[in-house]
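Report on one structure; see the data block that follows.
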Amino acid sequence: MGDRGTSNLSEVTDFILVGFRVRPELHILLFLLFLLVYAMVLLGNVGMVVTIMSDPRLNTPMYFFLGNLSFVDLFYSSVIAPKALINFWSESKSISFAGCVTQLFLFALFIVTEGFLLAAMAYDRFIAICNPLLYSVQMSTRLCSQLVAGCYFCGCITAVVLTSMTFTLPFCASRAINHFYCDYRPVQRISCSDLYIHKTVSSFLCSVTILPTIIVIVVSYMYIVSTVLKIRSTEGREKAFSTCSSHLGVVSVLYGSIIFMYVIPDKFPELSKVASICYTLVTPMLNPLIYSLRNKDVKEALRKILGKKIFLLIFLTLI
């Protein structure tokens, strides 16, 4: 590990991303897996954003939130995946100090924003199912815009605090970060200072950002389930549950992996890396699939868009 002497902030020019501790021949397999998943992330989320923007029937609060969710998924996976793909082939696996700061800031910004967006979507479903007659009034365009702006604001504040707190630490001579991207816990682990205060503040920050969103989601769905069970029509109950099950699936995958990564003590670094793959790549890949495959409006809009492109392709071919 080298000398444990500290390095001043101005002297740190780069870090080493250790990545996955596997045999070199497995790096090719990991590269192909990451590349495939990231390609699906790009295709699915770009397709979802384009579909929602191009079809007037999807100009509703639910799809407004869903479009922002796809936008966030697209960008925070793009903060992580390209650098990870490069490092599978790189000998040095280095990342510059500025690059590490930027990666942590953007990742924290988008992942926290996603958590608040999921809470806003749960509130939207609560109003739609429990107060359908007042839905268009309560979920106005102005309120939806304010909720989304609030989600990004909370993400930005959290990212600023977490990034500034992490990168003002004195770092040891060893610059090896035991992760495949710059996350605050692996970065803080290579610091030579006492981390008690930083860990306490980080835990408090995670609690402040995770607990309120979970409470909103749980309370919203308690009311939703109570209302749905009162619906006499079997078809009506199935439609309501179908609308909500997609959202619950996304919430379960995202929060399950985040709780494992940030709440449970970090005694198994390699398992933490696997858990982080779930919310950096797997969740952004699954979101558009879950919402499109279980949503008739989205599937119909996709058919129209693909039909137009196929017709245009045939027309250009004939010309």
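From the backbone N, Cα and C atoms, a Cβ is placed for every residue, glycine too.
The transmembrane segment annotation in TrEMBL covers 28-50 (among others). Away from its own ends, the transmembrane segment (28-50) comes close to residues 20, 22, 66-67, 70-71, 73-74, 77-78, 81-82, 84-85, 88-89, 281-282, 284-285, 287-289, 291-292, 298, 302, 305 of its chain (Cβ-Cβ under 8 Å, at least six residues beyond either end).
If you look up TrEMBL, you'll see 44-291 marked as domain 'G-protein coupled receptors family 1 profile'.
Annotated transmembrane segment per TrEMBL: 62-81 (among others), in sequence order.
What TrEMBL lists as transmembrane segment is 101-123 (among others). Within the same chain, residues 62, 65-66, 68-69, 72-73, 75-76, 79-80, 83, 95, 147-148, 150-152, 154-156, 158-160, 162-163, 166-167, 181-184, 187, 209-210, 212-213, 216-217, 220-221, 247, 250-251, 254-255, 258, 279-280 sit at least 6 positions outside the transmembrane segment (101-123) and bring their C-beta atoms closer than 8 Å to a C-beta of that stretch.
What TrEMBL lists as transmembrane segment is 143-165 (among others). Here the transmembrane segment (143-165) has Cβ contacts under 8 Å with residues 61, 64-65, 68, 101, 104-106, 108-113, 116-117, 120, 123-124, 184, 198, 201-202, 205, 209 of the same chain, all six or more residues outside its ends.
When Cβ-Cβ distances below 8 Å are used as the criterion, the transmembrane segment (201-224) is approached by residues 112, 115-116, 118-119, 122-123, 125-126, 129-130, 154, 158, 161-162, 165, 184-185, 188, 240, 244, 248, 251, 255, 258-259, 262-263 of the same chain, each at least six residues removed from its ends. The transmembrane segment annotation in TrEMBL covers 201-224 (among others).
Taken from TrEMBL, the feature transmembrane segment applies to 245-265 (among others).
The transmembrane segment feature in TrEMBL is assigned to 271-293 (among others).
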Looking at the domain 'G-protein coupled receptors family 1 profile' (44-291) alone, can you tell me the average pLDDT?
85
